[in-house]
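Asker: Residues or ranges marked as region 'Disordered' by TrEMBL: 1-22, 130-162, 576-599. Residues or ranges marked as compositional bias 'Basic and acidic residues' in TrEMBL: 1-18. According to TrEMBL, the domain 'HPt' annotation covers 20-134. Here TrEMBL flags H67 as phosphohistidine. The domain 'Response regulatory' annotation in TrEMBL covers 167-284, 293-409. What TrEMBL records for D216, D342 is 4-aspartylphosphate. What TrEMBL lists as domain 'GGDEF' is 449-581. According to TrEMBL, the compositional bias 'Polar residues' annotation covers 589-599.
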Amino acid sequence: MDAERDKAPKPAAPDKAESFQSRKARLRASFLSQLPGRLADARRAVAELRAGEIEHARLDALYVLFHTLKGSGATFGFRQIGDAARTAEQAVRRAMDSGGHVEPTLPAELACLLDDLDALALAADVQADPDTAPGFELPGPQSRPEPAPGQAPDAHPGQPADRSQRMVYLCDDDPDLAAQLAGQLGCFGYRVRAFTTLADLRTAVESERPAAIILDIVFPEDENAGPKMLAELRSAEQETIPCIFISCRDDFEGRLQAVRAGGSAYCTKPIKTVELLEFLDALTNPHPPEPINVLVVDDDRELAQFHATVLEEAGMVAKAVSNPEQVLSLLDTFDADLVLMDMYMPDCSGPELSRILRQIPGHVSLPIIYVSSETDVERQHKALAVGADGFLTKPIEPARLVAEVALRAERMRILHSLMVRDGLTGLFNHNAIMQFLEVAVANARRGGTSLCFAMIDVDHFKSVNDTYGHPTGDQVLMALSRTLRMRLREDDLVGRYGGEEFAVVLNGAGVEPAKRILDALRTSFSNVTFFSDGQEFHCTFSVGVSDFPTFATPDALTEAADRALYRAKKGGRNRVEIATEQDALPEQSPDSAETSDGS
Ligand SMILES: Nc1nc2c(ncn2[C@@H]2O[C@H](COP(=O)(O)OP(=O)(O)OP(=O)(O)O)[C@@H](O)[C@H]2O)c(=O)[nH]1
């Protein structure tokens, strides 16, 4: 039934240099050129309908065809085509709802509607001016709101932000807290000047403008002195300096004063350094955030391409696909933040595709929004019940499409980041790094590549805590996490395995390069000087490394790395040990693992 369309030339992938006006004209022309083929397909299917018989398959196919035509006709500005297709769709739906029984009058009714559609298709070239057609007004480039308190702005947890050389002023009347926070932020690459009085802060701002201010609310002179000072600084400054309030006040009044003074974020004491860092990164990061990635799935190629074009115009990265079968493999390589999905597609419906995605652990929380001309609320609810997140009705205004996609994708990035991050270090947490290890092993197996898994454990960490106190121990852990994040490649994965143990997945690395990299990290960390109560000290760590394919499963890799780490500790610490085949799980040699999972 789709034979004509398959022969039709596919719309070219969006060319970045091509203007939106010319893209929309091209897609509209492509829709028109394919219209006769689609109508011929429909006419053949109508001719094959047997009056008085049960005809599930032909009715299903006709339904998808008219439904698609309804949505794309309206989107490309051909309202009458959309209306006629809707009437035909409703006639087919009635037959489907009566158990697939074809009333004797149905074929003639549909043939009549197809005559109308043929006539409209002929007239279509002059029917609608694309510039005035609904659905063609473009929103401006996607603008992102400043992160609100509680929002984690970094879309890619575990990836370092370039914080080097960013000067931050911190003002708190508690000198110990000011010094401690300054020390911790310093571990993450910020240059911090700490002040205990507002007068000193004002003098410093007047002589050198900082990238951000961290400001207490309550000072001895006034319980709202911090917000008052910010308001004063802002009235004197040409450009506003971002400010994060820190306070032991968690009451509404304190928060209200902070917002009124223009505070961008609010952290309550005791301060969680990672939370503070996230706000600082968001407010001072000179790099724009990662664009939102959207996968658009619609069997109507022009419509998929059109929606992708609208999203790209708004600064997102959008891939259009018309065959649902390609979605899984595409998602392996395209890190989609959201899937925009048609509801009725001939070979696999939107709800079926949603179910398939929800059965894959990695896609359980991937936002799915249907874009469909289905207006029946009950059917919309049924489609949503399989795990989709929203419903947009075709034709959709570009501005609304962009806003809905941006809102949901941003929210999911925030939630995802909170779910997968460790609170102290900002690295992936235990569950996340173990899940990433599974994915990395599956990818390495499929691609025939290698990878290394390293377990890193700080040496004599208990005595660091015992000698210098727990907060200093925390600083050591934060400094190590930063060293790992800054020095490893972007596609390597770093997580906090637990306590003072860290896990690293070095994608594509063999044992020898992995050992070289980890030895370099070990040396550079051992050179970091820590300070506590006027005393200096250094820390080291030990590493156990296992590799794929010598160890073929995530369990085998973890166990082997753990055993190698034990040897490193036994052998005197501050060293990297490589796992050998003797470190394999007793019951699971690499060979048996290869066959047990069927690969
Ligand atoms: N400061 C701090 N300490 C932690 C944290 N998580 C675990 N620890 C401490 O890390 C220490 C780990 O000590 P051990 O497992 O005995 O090992 P170790 O002292 O590092 O000695 P070796 O591993 O044998 O070199 C314990 O004292 C834990 O309380 C944390 O988040 N912060």
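Placed from the backbone N, Cα and C atoms, the Cβ positions cover glycine too.
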Asker: Thinking of Cβ pairs under 8 Å, which stretch from 20-134, 293-409, 449-581 has the most of them with the domain 'Response regulatory' (167-284)?
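Answerer: Looking at each of 20-134, 293-409, 449-581 in turn, the most contacts to the domain 'Response regulatory' (167-284) are made by 449-581.
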Asker: If you skip the near sequence neighbours and keep only those at least six away, which residues in the chain come within under 8 angstroms of D342 (4-aspartylphosphate), Cβ to Cβ?
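Answerer: The list for D342 (4-aspartylphosphate) reads T68, G71, V297, D298, D299, D300, L303, A304, G350, Y370, V371, S372, given in order along the sequence.
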Asker: Whole-number Å only: compute the distance from the Cα of D216 (4-aspartylphosphate) to the Cα of H67 (phosphohistidine).
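Answerer: Approximately 59 Å lies between the Cα of D216 (4-aspartylphosphate) and that of H67 (phosphohistidine).
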Asker: Residue counts in helix (H, G, I), strand (E, B) and coil for the domain 'HPt' (20-134), per DSSP?
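Answerer: So the counts come to 90 helix, 2 strand, 23 coil.
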Asker: Residues with Cβ closer than 8 Å to the Cβ of H67 (phosphohistidine), same chain and 6+ apart in sequence?
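Answerer: The answer is A85, E89, Y344, S372, S373, E374.
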Asker: Reduced to three states, what secondary structure does DSSP give D216 (4-aspartylphosphate)?
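Answerer: Its secondary structure by DSSP: strand.
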Asker: With DSSP helix as H/G/I and strand as E/B, how many residues of the domain 'GGDEF' (449-581) fall in helix, strand and coil?
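Answerer: Here the numbers are 60 helix, 38 strand, 35 coil.
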Asker: Have a look around D216 (4-aspartylphosphate) and count the other CB atoms within 10 A of its CB, chains all included.
Answerer: 23
Asker: Over the domain 'Response regulatory' (293-409), what does the predicted model average in pLDDT?
Answerer: 91
